[in-house]
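Visitor: Here's the feature list from Swiss-Prot:
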TRANSMEM  5-27  transmembrane segment
TRANSMEM  34-56  transmembrane segment
TRANSMEM  61-79  transmembrane segment
TRANSMEM  92-114  transmembrane segment
TRANSMEM  161-183  transmembrane segment
TRANSMEM  391-408  transmembrane segment
TRANSMEM  412-434  transmembrane segment
TRANSMEM  455-474  transmembrane segment
TRANSMEM  484-506  transmembrane segment
TRANSMEM  513-532  transmembrane segment
TRANSMEM  547-569  transmembrane segment
Amino acid sequence: MFHEVILNVLKNPFIALFLTLSLGYLVGKIKYKTFVLGGISGSLIIGVIIGQLNITISPDIGSLFFALFIYAGGYQGGAQFFRSLNKDTLLLLASSTITCVLGLLCVLVFAWIFQLDKGTAAGLGAGGLTQSAMIGSANNAIAMINSVSESTIHTMQTNVTVGYAVCYIFGSFGPIILLATIFPLVMKWDLRKEAIKLATEQSDGNLDLEVGQFSAFSEYTTRAYKINRDSQLLGKSLVEVYKTYKYKVVIKNIIRDNKLLTITPETTINTNDIVAITFYADLDIQSIISKDIEVTKPEQFNFIEEKRSLILTNKNLFNKTIKEVKDIIQDRNYYGVFLQKIIRSGQKLPISDDLKLRRGDEIRLIGKPEDLDKISNKIGTFISEAPITDFIFFGLGMVLGYIFGLISFNIFGISITLGAGVDCLLSGLIFGWIRSIKPQFSNLPVGASNFIRDLGLAIFVASVGITAGPQAITTIKEHGLTLFFLGIGVTIIPQVISFYISYYLLKIKNPIVLLATIAGGRSVNPGFAALLERAGNATPVIPFTSSYALANIWLTLWGPVIVALVTIIPK
């Protein structure tokens, strides 16, 4: 009875999914030396096992969570993707084409050696290369054969489905192991370190820090000094200090006679004052306070600073240099703020006095809230730093993604669609790019996008395993292991050859770029998910997107090509 209760509980698709998720990531922690199975591989294995209970998972569940996963991944890489479209992208497309062509040749060679019929060969290609669209294109090509009976056409179309089912499991699982474990192990790559390194290069040297890490160096520092009678600061007002040292030194607080003063721009500095000075870390502060004595921070110095981002909308500041802007907005008042960075179209600009500002530039300032309040309305629109999701644009992004999925076009009479992956991926890229150039719109905080991405891929892989589990065992029993092992060959051989061609001949040397390109050329979503998990950031998105889009077209076209070139027809 207890056994029946457990079975009935597991029949609930949501219980099965989340149990697969939990056990899969538990199994994924298995480690042997440098080999780590990983949560994605673990979820696929556990899903196949739990799938033996014939649990029905609606395909819409997997599709929805995959759409969420791929949208979040695209969003995170959107800004960098559109900036990276250059001649180097041609190498990625060449690698993708090589992978696809090698896959086709592998299928044709196996079909010739093992005397496979048109349908089985097409199924071998669809499953081993994990391209379900190939089923449709192959079936359409088979239906157009006029020289055979309808029953033979039906048999060949059935063989397409059977071949796909037999080969699909390893077609999904194999790239996970190859891309996320075997290749990095052979090449002695640490994917997380390589991803951080690549992200740093793409962000002009800004470190991609892991949770718990922080930079040991700060752009600004605050120290306390006691003013001597021969100090350079003695007798100066706070606004004079600010302007004398070109806005690089700010007096934040003053203690006089053991009392914290309420300071104004006109407040002057007296002998024996204890002042809190904030200054740029690269400033030679000793040349300014050489006559003064540094002291430990008094208890009265407990002021709070804030970082604030503004979009330049004040037309009086358009096309003005930074020096001119400083002179304009600091003309009569002491504000005590620092310019931290300027971002234009998603890219950080080097700050110099002669840099001209443009409408829509994002200006990031640092200072006390009351000082920032004074200056903000003279620059433009405030952008909230709160980690709040803009559900207006998130909803529009998903809608646009599904609309993209409805688009189809014909190549040589074959209907091609963007597919379940490219649609929301493309939408995510667009809305991530919008966020980079218009930061007041389309906010999806890093924490939220990471959660959507990770949960989406985990549920997607779990549903794939549960759904494919029963059919995989059944078809292997019915059709033997030959087709299964041929599928392994179709999955592994093109990837291995393409990997070395891309690395040594095409000179794609960056590990993350190379592995993501191979994943895209194989049109393998679980493999990309595993790579994304190991990378820990969005660096694989850009190369994957380029090669994935082209591979979808090539692999869909291979269906009719296989049907045309394989000559055997079942009796």
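Heads up, the Cβ atoms here are built off N, Cα and C, so glycines get one too.
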Visitor: I'd like to know if the transmembrane segment (547-569) touches the transmembrane segment (61-79) in this structure, counting it as a touch only when three or more C-beta pairs sit under 8 Å and are separated by 6 or more positions.
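Guide: Checked: the transmembrane segment (61-79) vs the transmembrane segment (547-569), no contact.
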Visitor: Do any residues, 6 or more residues outside the transmembrane segment (547-569), come within under 8 Å Cβ-to-Cβ of it, and if so which ones?
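Guide: Same-chain residues near the transmembrane segment (547-569) but 6 or more away: 92-93, 95-97, 99-101, 103-104, 107-108, 111-112, 115-118, 121-122, 125-126, 129, 131, 133-142, 145, 148, 152, 156, 411-412, 414, 416, 418-419, 421-422, 425-426, 516-523, 528.
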Visitor: Which listed range (5-27, 391-408, 484-506) shows the maximal number of Cβ pairs under 8 Å with respect to the transmembrane segment (92-114)?
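Guide: Looking only at 5-27, 391-408, 484-506, the most contacts with the transmembrane segment (92-114) come from 484-506.
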Visitor: Cβ under 8 Å to the transmembrane segment (513-532), counting only same-chain residues 6 or more beyond its ends: which ones?
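Guide: Same-chain contacts beyond the flanks: 38, 40-41, 44, 66, 69-70, 73, 92, 95-100, 103, 129-131, 171-173, 175-176, 178-180, 183-184, 191, 198, 421, 453, 457, 460-461, 464, 494-495, 498-499, 502-503, 538-552, 555.
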Visitor: Using a Cβ cut-off under 8 Å, which residues of the same chain at least 6 positions beyond either end of the transmembrane segment (5-27) come close to it?
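Guide: 37, 39-40, 42-47, 50, 53, 55-58, 61, 458-459, 461-463, 465-466.
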Visitor: Looking only at residues six or more beyond either end of the transmembrane segment (484-506), which have a C-beta under 8 A from one in the stretch?
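Guide: Distant contacts of the transmembrane segment (484-506): 91, 94-95, 98-100, 102-103, 106-107, 110, 114, 124-125, 127-129, 163, 166-168, 170-171, 174-175, 178-179, 183, 476, 514, 517-518, 521-522.
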